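The structure appears below as structure tokens.
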């Protein structure tokens with residue numbers, strides 16, 4: 001076989017699967033395509049001696065050694081046997097129908113007999129029309145189709161030519177022989193099935209008694225005594241006509257006409273284009289109507305009963321439908337399936353060159369802060385949608401995984417004073433978020449703190465025992481909390497109508513000022529916007545981030561059990577949701593997860609949240625917590641002016657070594673309210689001393705930006721605010737640690753407890 005070496009195709013003869021398809025594609029670039037079929041090695045060697053002139057240029061050639069053997073030894077014997085069987089059944093009396101009984105003087109069987117020469121459609125005419133009509137139509141249609149497709153460039157749409165046994169069979173000859181051969185075989189099969197049913201049933205035709213001429217006198221009994229006759233009492237001279245009168249069900253004219261009409265109609269539907277809107281329906285309806293008329297003439301001329309004709313239509317149409325769909329593949333070219341398979345096996349280079357399949361690369365670094373924040377917020381949506389674009393069967397495509405895990409973006413947001421942005425919200429299908437309205441009543445806060453103090457005293461020993469437990473195996477977790485000035489709204493399964501850019505991520509291990517050599521972490525108090533209601537956004541646990549530690553699992557079970565018991569009572573008391581969450585944490589204890597490093601700092605989120613009165617209109621600072629900082633961007637930016645007392649700058653003050661823990665207090669909202677009772681515990685005195693140190697500094701307008709890099713974590717509880725880090729600081733909720741600033745003589749000192757002033761020009765970098 002002459003190989004198309006100009007295209008770099010491999011010269012193997014027996015190739016299967018994707019190798020054969022690539023060989024065809026490569027050889028087509030050089031002007032010819034050499035197709036090989038399974039087991040085609042012998043035919044390829046026989047065709048190796050053919051010169052290039054013997055092969056038509058620009059034609060698709062397929063070598064096969066199974067075409068002629070199958071045709072000679074399988075298809076022709078089957079067709080010949082069906083023709084021979086039909087001959088014996090139709091033209092000889094070798095097989096006779098059974099003798100079925102009839103009633104005496106039955107009027108339905110006494111219709112006049114019409115000679116074959118007087119029939120509207122004789123049997124020979126039926127055979128000629130049923131065989132020759134569709135066969136000629138198919139051959140003419142294939143010739144026109146071949147001429148039209150041959151004029152196209154590179155013969156697009158043509159089936160490959162077959163080179164078998166040194167003979168070249170073009171697509172016209174192959175398709176015509178295949179379609180006409182199946183049609184002839186279908187007609188023979190339909191006639192055979194009809195004859196077998198007729199011989200088996202022996203139902204009489206409407207003219208049976210006319211040609212039979214029964215001799216009722218030969219019976220032992222009269223017709224009045226026994227009206228149903230099963231004996232052969234026919235006295236007619238023409239036995240052939242009498243036997244034909246016993247083969248009425250089903251009608252042979254109806255079956256053959258229905259088969260021919262349905263088969264040729266399917267051919268027209270598959271091969272004709274939609275260029276002419278009326279030509280295809282015209283041809284289809286013409287053949288269908290001809291078949292129906294052919295069957296109805298058998299009823300009008302008393303050759304068959306109506307039920308015989310209707311059943312013949314069903315039998316012939318069913319056989320034609322089966323052969324048209326499964327024997328000839330609905331008359332579609334066999335190359336279509338190969339082209340579809342080739343598209344699925346395209347190489348990676350072809351996919352890169354195809355603009356419709358190019359995967360858009362993600363730019364991980366950005367100099368613009370807003371664009372970077374929006375990219376973080378929309379990462380889950382992009383990662384989820386990118387997976388659907390990579391599902392291509394049987395395609396060897398190397399998928400580059402993203403740099404960060406997908407679908408694990410747990411975030412912390414303190415958005416009480418954050419500006420609103422008109423960016424599309426990102427719905428996370430995993431977390432279920434809720435926004436709960438918090439009360440602003442200072443008297444109520446004082447009453448709750450008194451109750452917590454009494455409950456905390458009784459559980460101090462149990463909490464100390466939990467503090468000494470060994471470290472859990474759960475990785476650090478992230479929390480998501482949202483404090484907003486919007487009205488109370490609750491959303492389940494991500495159905496909350498809030499801007500998506502207000503969800504940021506924080507990891508306490510990256511907070512500046514945390515010294516690993518010290519036992520505690522920094523203290524931060526965040527002031528709320530004046531006159532705003534508080535919305536605290538607490539996510540439930542995610543499905544993929546669940547710790548497998550035995551101790552953390554037991555703590556989680558304790559937390560969930562307590563939450564179920566206290567939901568009803570908390571709602572009945574009409575307490576704020578954030579107060580209920582903190583109360584549960586004080587009652588049930590803390591979810592313990594000690595850091596791996598014994599000297600690792602700990603940041604505890606306590607429940608001593610105080611409320612800011614609605615009449616306080618002092619200026620408030622803006623704290624912005626951002627996640628995922630880039631390498632080329634500063635981690636912490638604190639605009640400040642000068643250092644010193646009253647400068648208004650934020651400072652991270654290291655704790656005293658005598659203190660075991662420090663507190664990361666959120667939303668100290670009631671600094672101007674009436675004094676509350678201080679809880680006296682083992683940690684309260686140290687924190688109160690640190691609070692008095694900072695009481696003389698004033699807080700001015702300023703924006704503090706804290707950018708921290710989150711790490712992948714696992715959530716333990718559904719409504720917890722505690723996170724743990726292995727080496728860095730940990731944000732945890734302690735039930736026995738409640739820090740309340742002392743009462744100051746002046747409102748200004750009370751306001752600035754836990755605060756350091758900030759100024760709009762200084763920036764710290766980690």
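For all residues, glycine too, the Cβ spot is worked out from N, Cα and C.
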Swiss-Prot annotation phosphoserine: which of 244, 270, 608 has it?
608
Swiss-Prot annotates one residue of 218, 356, 410, 462 as phosphoserine; which residue is it?
462
Have a look at 290-330, 413-453, 454-494 and point to the one annotated region 'Disordered' in Swiss-Prot.
454-494
Need the matching range: Swiss-Prot marks transmembrane segment on one of 143-163, 248-268, 332-352, and I'd like to know which.
248-268
Cα-to-Cα gap, residue 269 (N-linked glycosylation site) vs residue 456 (N-linked glycosylation site), nearest whole Å:
84
Pick the one among the glycosylation sites 215, 220, 269, 456 whose Cβ has the fewest other Cβ atoms within 10 Å in this structure.
220
Secondary structure at residue 269 (N-linked glycosylation site) (DSSP, helix/strand/coil)?
helix
Looking only at C-alpha atoms, tell me how far residue 220 (N-linked glycosylation site) is from residue 456 (N-linked glycosylation site), rounded to the nearest Å.
117
Can you find at least 3 Cβ pairs under 8 Å between the transmembrane segment (68-88) and the transmembrane segment (277-297), where each pair is 6 or more residues apart in sequence?
no
Check the transmembrane segment (309-329) against each of 120-140, 179-199, 248-268, 277-297 and return whichever range has the most CB pairs under 8 Å.
248-268
Can you check what DSSP calls residue 220 (N-linked glycosylation site), collapsed to helix, strand or coil?
coil
